[in-house]
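Novice: So TrEMBL lists the following for this protein:
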BINDING   LYS8, ALA9, ALA10, LEU11, ARG12, ARG147, LEU148, GLY149, GLN150, GLY151, GLY152, GLY153, PHE154, TYR155  ATP binding site
BINDING   GLU58  substrate binding site
Amino acid sequence: MTPPVESKAALRRTLRAHRRGVPHAERTRRDAAIQAHLQEVLGSRGSAVVAFSPLPGEPGGQDLPNVLMSAGHRVILPRIEPLPSIGANEVRGTQDQHLVWVECTQDNLRPGTWEIPEPTGAPLELHEASAAVIVVPALAVSFSGARLGQGGGFYDRALQHRNRLPTPPRLCAVVDDEEFLPTVPCEEHDLRVDSVVTPSGLHIINT
């Protein structure tokens, strides 16, 4: 049996190659559909949501934070920083970094780690965000909610204790329809999500 870490690496290569092959017009159509479904999930204006800044070609569209803000939502985004115990010049890999959460505005996004748009400003504790939903990126999600990420482990570490919050937020992953799969290789530490949004709609895993 292939170890999960090797199975993950192989599947990631396949999924990344497939994403690169999606034509621009089709990507735009899919992203618009995903954004519309996410707004239905979030509901009323003024609600807070923890979201992310999609990379080029990543489901959701690079304008996702602005779309959600324009719809009246308070948007909190992740920012990658060195661990508090490690200096910026001492970072040797993703294990030396973590996600912090920062409220996004129309004018505080700057290119950050790997040129991902990240908000400037003071970080919030996750419970201070008061978000009922956390929208996370993924390369694939299984029908049972197992999430395959890019491999850095950022979200696995950042959200591993979310259920300890007084009102645990729901996790919603964003992928294309062909990336919502019967199974994906996973390990015990891997994040599991409660729902998935694809271009075809919302798929609820845990009620």
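Positions of Cβ are set from backbone N, Cα and C atoms, glycine also.
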Novice: Round to the nearest Å and give the CA-to-CA distance linking ALA10 (ATP binding site) with the residue listed as 'substrate binding site'.
Specialist: 18
Novice: Would you find the one among the binding-site residues ALA10, ARG12, GLY152, PHE154 whose Cβ has the most company, meaning other Cβ atoms within 10 Å?
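Specialist: Result of the Cβ crowding comparison: PHE154.
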Novice: Under a three-state reading of DSSP, tell me whether ARG12 (ATP binding site) is helix, strand or coil.
Specialist: helix
Novice: With Cβ-Cβ distance below 8 Å and at least 6 positions apart along the chain, what are the contacts of LEU148 (ATP binding site)? List them in sequence order.
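Specialist: Non-local contacts for LEU148 (ATP binding site): LYS8, LEU11, ARG12, LEU15, ALA138, LEU139, ALA140, VAL141, VAL184, PRO185, CYS186, ASP190.
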Novice: Just to verify: the residue among LYS8, GLU58, GLN150 with the fewest other Cβ atoms within 10 Å, which of the binding-site residues is it?
Specialist: GLN150
Novice: Spatially, and counting Cα to Cα, which of the binding-site residues is closest to GLU58 (substrate binding site)? Options: GLN150, GLY152, PHE154.
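Specialist: Ranked by Cα distance from GLU58 (substrate binding site), first place goes to GLN150.
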Novice: Helix, strand or coil at GLU58 (substrate binding site), per DSSP?
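Specialist: GLU58 (substrate binding site) sits in coil per DSSP, no helix or strand.
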Novice: What span in Å does the ATP site cover, taken as the longest CA to CA distance among LYS8, ALA9, ALA10, LEU11, ARG12, ARG147, LEU148, GLY149, GLN150, GLY151, GLY152, GLY153, PHE154, TYR155?
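Specialist: Binding-site diameter by Cα atoms for ATP: 20 Å.
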